[in-house]
Amino acid sequence: MDRCGIIRGISGPVIKAESKVPTRLYEVVRVGKEGLLGEVIRIRGSFVDVQVYEDTTGLRVGEPVVFSGELLSVELGPGVLGTVLDGIGRPLSRIGAEDGIFLKRGFAAPTVPRDLKWKFVPLMQEGQEFFPGDVYGVMVDVGGFQHKLMIPPMAKPGKVAWIAAEGEYKAEDLLFESTQGLSLCCVQKWNVRVSRPFKERLPFNEPLITGQRILDTLFPVALGGASVVPGGFGTGKTVTQQSLAKWCNADIIIYIGCGERGNEMTEVLEEFPHLKDPRTGKALMDRMILIANTSNMPVAAREASIYLGMTLAEYFRDMGNNVAIMADSTSRWAEALREISGRLEEMPGEEGYPAYLSSRLSQYYERAGRVKVLCSDEREGSITVINAVSPPGGDFSEPVTQASLRLSGAFWALDKSLAQKRHFPSINWHLSYTLYEHSLSDYFNRKLGAQWSELVLWLRELLEDEKKLEELVQIVGRDALEELDRWKLHLAWLVKSFYLQQNAFDDKDAFCPLEKQKLLLEFFKEMDCKVVDKVKEGVLFSQIQRIPIQMWLEEMRKLQVEEMQTKKHEYITALDRELDSLEVIRS
Ligand SMILES: Nc1ncnc2c1ncn2[C@@H]1O[C@H](COP(=O)(O)OP(=O)(O)OP(=O)(O)O)[C@@H](O)[C@H]1O
């Protein structure tokens, strides 16, 4: 008990302690008789303020605090994928059963399980040279995932003295020794507030394919980029993030339920373990980590949860994976920051948030990116951030939305009026934007051909024209529109209903591959050209309306890509037939 102190004051999750020894910022502390986990967040002479990650009810002044000398770290290693962690890395999925519904205070459990064994395959030989980040072996993790075991980033280069033979090993079994005395087991520790080093940042060159038509077509986010999903109450933030978690093409998904309602997290916890990964057919959870920190869980742990998620993301990135990290929601995280700041009696900034809100957020966003990872070969990996923001009253000018907007490259604005019309995803195509379009154009041209950019431009113009026409309709009324403009409005309605809308709960519609997006857009554009020609010849819009286009689109929306090719051809032929049969009425 030589590194200890005494509690002098308690204010919710923040305690003031007097320390007999010098302490350092962000040092981990065990607080009170129950040993609640906390972290030093301010030092004033011999007094320190500690934010406590567990419920402080019943804590008394005079109880001891013990300074660990370590910084808040998370264990990295096999057995973490597929689990549910709390905001400070305790594996909820493994400890729930014996300990009742709620965690006991002061409960400590290692993130990497100690009772499991994993198959280890060495990839280095004795005498071989190594550098930080090099892979010395793999362990077969949940679902057959090849978990690369890497030399820790801060280790010095050296030579292998001994490496364990192929076989099954537990978390703390020795696997590797170097001639300079470096000994490794499969567990590494990393300070959650410090980003893991990498060799160099790479430019964006590939999109995160989400399978959501409006996002992939109009507002793509790059692998390694960052996007925000702001939206008022009930506009679909959670469903959008969950759809991305289910369908996007990242190798690893880290989903942080940050201050959301418990029953929303329950839905995730109940639904995700039963979902199949559309790419591998295995359980989706095998490539996911869920971090659960619901609104009734300690507020300080919510503050830590996003750093924990990011550290896990960096670890899997360093193995050479594309990782997507989703936090729902940044606003609840910022509220935690505000609460702690209030307890510390700091000077409040805009809307009561601390002045350092932006810099803290940027510390998180800056850890995203596409990088060459630290190692002697050419491994690359990426972290893509997709953060929900819940601005009070749906007001995007509030500080959290504005700070997130400055730090991200894609902005997917959810619109209450679309949500009220049950148009989902309720992403407003006039307010949303992406800054990645230019960096991704080569990828789309290669993958979908040069026509893709023409199709996207055509769609954007149509949506812009529709906006202008709707303004005109407000003034002159729909009946005063020309036949061609009436068709254009109808076409925009078809595009909105059958392309931009996508039902996350319909198995056949929830995911739309890029090739299918292209086929659908081609159909819309071809149809437009044909109808416009016919209307110019003198056919009336009311005659066009009788063609069963809606029925065709409804059917096509649910087809697989392969069937779509033939069906598109069939429907274009049917359209030609229908248009030919129309009598020219106007001269
Ligand atoms: N893509 C979608 N497809 C179909 N329905 C959707 C979609 N997105 C949202 N919804 C509907 O909208 C409802 C609200 O969505 P969600 O819970 O995601 O909103 P939220 O913005 O996270 O809400 P809160 O502000 O309460 O957290 C869902 O229950 C669902 O019925």
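The backbone N, Cα and C atoms fix where each Cβ goes, and this holds for glycine too.
Note that the structure is a prediction, hence the values are computed from the model and not measured.
Annotation comment: TrEMBL describes Gly231, Gly232, Phe233, Gly234, Thr235, Gly236, Lys237, Thr238 as ATP binding site. Residues or ranges marked as domain 'ATPase F1/V1/A1 complex alpha/beta subunit N-terminal' in TrEMBL: 9-69. As annotated by TrEMBL, domain 'ATPsynthase alpha/beta subunit barrel-sandwich' applies to 110-193. Marked as domain 'ATPase F1/V1/A1 complex alpha/beta subunit nucleotide-binding' by TrEMBL: 211-433. Positions annotated as domain 'ATP synthase A/B type C-terminal' by TrEMBL: 442-533.
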Nonlocal neighbours by CB distance (under 8 Å) for Phe233 (ATP binding site), same chain, sequence gap 6 or more: Ser390, Gly394
For Thr235 (ATP binding site): intrachain residues, at least 6 apart, with Cβ closer than 8 Å: Gly394, Leu414, Asp415, Lys416, Leu418, Ala419, Ser426
Across the domain 'ATPase F1/V1/A1 complex alpha/beta subunit N-terminal' (9-69), average pLDDT on the 0 to 100 scale: 91
Highest-contact recorded stretch vs the domain 'ATPsynthase alpha/beta subunit barrel-sandwich' (110-193), from 9-69, 211-433, 442-533, CB pairs under 8 Å: 211-433
Cβ neighbour count (within 10 Å, all chains shown) around Gly231 (ATP binding site): 30
Lys237 (ATP binding site), number of other Cβ atoms within 10 Å: 25
Env. residues of ATP site, Cβ within 8 Å of mean position of Gly231, Gly232, Phe233, Gly234, Thr235, Gly236, Lys237, Thr238 Cβ: Ser390, Leu414, Lys416, Ala419, Ser426
Where the C-beta lies under 6 angstroms from ligand 1, the matching binding-site residues among Gly232, Thr235, Gly236, Lys237, Thr238: Thr235, Gly236, Lys237, Thr238
Binding-site residues: Gly232, Gly234 - member with fewest neighbouring CB atoms within 10 Å: Gly234
Three-state secondary structure, Gly234 (ATP binding site) (per DSSP): coil
DSSP-derived helix, strand and coil totals, residue by residue, for the domain 'ATP synthase A/B type C-terminal' (442-533): 74 helix, 0 strand, 18 coil
For Gly236 (ATP binding site): intrachain residues, at least 6 apart, with Cβ closer than 8 Å: Leu414, Ala419, Phe424, Pro425, Ser426
